[in-house]
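Report on the following structure.
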Amino acid sequence: MNSSKSPGLAGFGILKNTTCHTEKKISVFFSIIFMTVGILSNSLAIAILLKAYQRFRQKSKASFLLLASGLVVTDLFGHLINGAIAVFVYASDKDWIRFNQSNILCSVFGICMVFFGLCPLFLGSVMAVERCIGVTKPIFHSTKMTSKHVKMMLTMVCLFAVLIALLPILRFRAYQIQASRTWCFYKTEHVEDWEDRFYLLLFSCLGLLALAISFLCNAVTGITLLRVKFKSQQRQGRSHHFEMIIQLLAIMCVSCICWSPFLVTMARIGINESRSKETCETILFALRMATWNQILDPWVYILLRKAVLKNLYKITRGCCGVHIINLHMWELSSIKNSLKVAAISDSPVSSKQINLQPLSSMGQ
């Protein structure tokens, strides 16, 4: 029977020949621990971001905080929904035939796996693009990157991720119960149909493209900030940019380390078709690494804040010596003062005063 065209019995053929096994008690324990830690971490990060957004409503910071809040909220719901389904599956002894006769639970699980996998990667790349525009094109950013536009971008990213997740359902292709019987995803065993390969390649290519965009934009942003620091004598008004780019670099590194094995594994399965040598244990290990991304993301905003970075700078300066580290180079001054300086420097009144000073000096 063709399981890809029979939603009611999709994936049940895998249950007869399971190639990898998971210990029920250990798996349930770790699933509950990961879900609890993820929910608490993301909740704490949301509280920090909302507090920062309420304090600093300047355009240079508000758009980044909105996108970061969207990322953390997505990670929170990913832990809550996917974790609850995984715990239910483990607690039910992975007896899919008993509680998944109509394949509804597997379809919901597969849709959530795809959506909560791609959406954080998309949001990370959008955040990198937003910071790149804010640093390289500040005038365009101040006029176009308003809160309204950022909310529209968040909505479009989520809708696009939903569309990718619903694509198999719209094409009457059911999500498959995987060989470990603990989760649902695209078909990863005996992939011979071009459409099954297309879904795997689409998922992996979109994820890898998001990581590549993040890397490119963060590189441009970092180089631009360093050039400004070396050339400009105005040292203030940029510390909030460095704080955000450090957070973006951390998010990018976490995403690359956690998601690359899973994305590459899915791409290899899609390219190699039925000749793929990927085992169930390899796929399950890559999936567990990917789930760590949703746990580590919020800690970027919890740990890499201005106050924490300032203390780390003081410790590093004390260890390396005053003469080795240039104080004006990496000083993380108050965000509030730096934003005031940036606002004054961008105002038309200040620009007129700056332009009139040379004229008055020439007249004297």
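Using N, Cα and C of the backbone, Cβ positions are placed for all residues, glycine too.
Remote same-chain partners of the transmembrane segment (26-50), defined as residues 6 or more beyond its termini with a Cβ less than 8 Å from a stretch Cβ, comprise 65, 68-69, 72-73, 75-76, 78-80, 83-84, 86-87, 90-91, 182, 291, 294-295, 297-299, 301-302, 305. The transmembrane segment feature in TrEMBL is assigned to 26-50 (among others).
For 41-301, the entry in TrEMBL reads domain 'G-protein coupled receptors family 1 profile'.
Annotation comment: TrEMBL describes 62-90 (among others) as transmembrane segment.
Under the heading transmembrane segment, TrEMBL lists 102-129 (among others).
Annotated transmembrane segment per TrEMBL: 150-170 (among others), in sequence order.
A Cβ distance under 8 Å defines the sequence-distant neighbours of the transmembrane segment (198-226), meaning residues of its chain 6+ beyond its ends; these are 114, 117-118, 121-122, 124-125, 127-129, 131-132, 135-136, 164, 167-168, 173, 186-188, 191, 238, 241-242, 245, 248-249, 251-252, 255-256, 259-260, 263-264, 266-267, 269-271. If you look up TrEMBL, you'll see 198-226 (among others) marked as transmembrane segment.
Long-range contacts of the transmembrane segment (246-271) within the same chain: residues 68, 71, 117, 120-121, 124, 127-128, 131, 186, 188, 191, 197-201, 203-205, 207-208, 211, 214-215, 218, 221-222, 278, 282-283, 285-287, 289-293, 296-297, 300-301, 304, 309, each at least 6 residues beyond the stretch ends and with a Cβ under 8 Å from a Cβ of the stretch. Under the heading transmembrane segment, TrEMBL lists 246-271 (among others).
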| query | Can you name the far-off residues of the same chain, 6+ from the ends of the transmembrane segment (150-170), with a Cβ under 8 Å from a Cβ of it? | reply | 62-63, 66-67, 70, 74, 107, 110-112, 114-115, 118-119, 122-123, 126, 130, 186, 199, 202-203, 206
| remark: Under 8 Å Cβ-Cβ from the transmembrane segment (102-129), and at least six residues away from its ends along the same chain, one finds 7-11, 64, 67-68, 70-71, 74-75, 77-78, 81-82, 85, 96, 153-154, 157-158, 160-162, 164-166, 168-169, 174-177, 183-186, 203, 206-207, 209-211, 213-214, 216-218, 221, 248, 251-252, 255, 259, 290, 293-294, 297
